[in-house]
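This report concerns only the one structure given below.
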Amino acid sequence: MKSTKTKNENRLTIMLKDFIKTNGGILIALAAMFLFLSFANQYFFTSNNMANLFNYFTTNCVLAMCMMCVLITGEIDLSISSFVALSGIVLCVFLNRGMSFGISLLLTILIGALVGILTGTVIAFSGMPSFIVTLAMQGVIRGSAYIISAGERISSADEWLFNLTSKRYLGVPLPTIIILVIAVLLGLLLYRTSFGKHMYAAGGNREAAIYSGINVKKIVIVTFAISGALACLAGSFVASRVTSGQPSAGAGYEGDAVAAAVLGGTAFTGGRGTVSGVIIGALVIGTLTNGMNLLEINAYWQQICKGLIIMLAVMIDTVKQRRSN
């Protein structure tokens, strides 16, 4: 009994050390941001502002998880922001036709997965860079949202559409519970299954992965299916907050998702990334966005700031990889 207990304690100690080693820097940055903003603006820690920060965090966190999965395999998905628009439109169309909320949400997520499969198949079998394919799909998906909605917002009075982001269980917001469930499932997939290990292998050294018998094409297709499904869930969060689907929703969200993933330790070149790191990265980006809005920083300067953060994070990751190699 004692030896088993000691082994478990040692394992937890090692996991904690690894977590601090991997995420210590970004946690310090997050704490510094909270401290600075609490003094810089009196409204930062108000309940209304924390709700605004949380609302943005939940959407970006799910999108960052999409981006993490794809980046781990050595690819990138720029179409996730368009899924935010399409999913909101499709969800409201289903609801307005009398479907239950549960069925409507499942069908919306399924559509995201199917479009993701299509994207992944094109990338896997054509040899085209995922950057180009997903950039093209971004236009296709958003254009589809405009066609379905005729360029107008589609509202829905469904009670559960509103409840998706406003409902609480034991005082915990429903989106928080959903994110925790996704985090656990992704963690199990990445760390406890052969498929997850193959994802890291495909991104770390694709040629070696192919030679070792890993079906890299299958990995890419399934990963993009996961990305599409989760992106549609994130879009459902956005639609829930405004009880409508809008064809312009989510524009530019892919940049924040990339920033959150890379800040959270996901390698832009593939082969590395953790769920916990991405959650922290999304919280940093959410806090940064919220803080700049509170300080009334011009939206154009905000874009410049986020762009520089992405560039800096990628540069740091590149230097780390060169040193490790």
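Every residue gets a Cβ built from N, Cα and C, even glycine.
Not measured: the values here are computed from a predicted model.
Noted in TrEMBL for the protein shown:
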TRANSMEM  20-41  transmembrane segment
TRANSMEM  53-71  transmembrane segment
TRANSMEM  78-96  transmembrane segment
TRANSMEM  102-124  transmembrane segment
TRANSMEM  169-191  transmembrane segment
TRANSMEM  219-239  transmembrane segment
Interface check, the transmembrane segment (169-191) with the transmembrane segment (53-71), three or more C-beta pairs under 8 A: yes
Other parts of the chain folded back onto the transmembrane segment (102-124), taken as Cβ under 8 Å at six or more residues beyond its ends: 75, 77, 79, 83, 86-87, 90-91, 94-95, 130, 133-134, 137, 141, 160, 164, 216-218, 220-233, 235-236
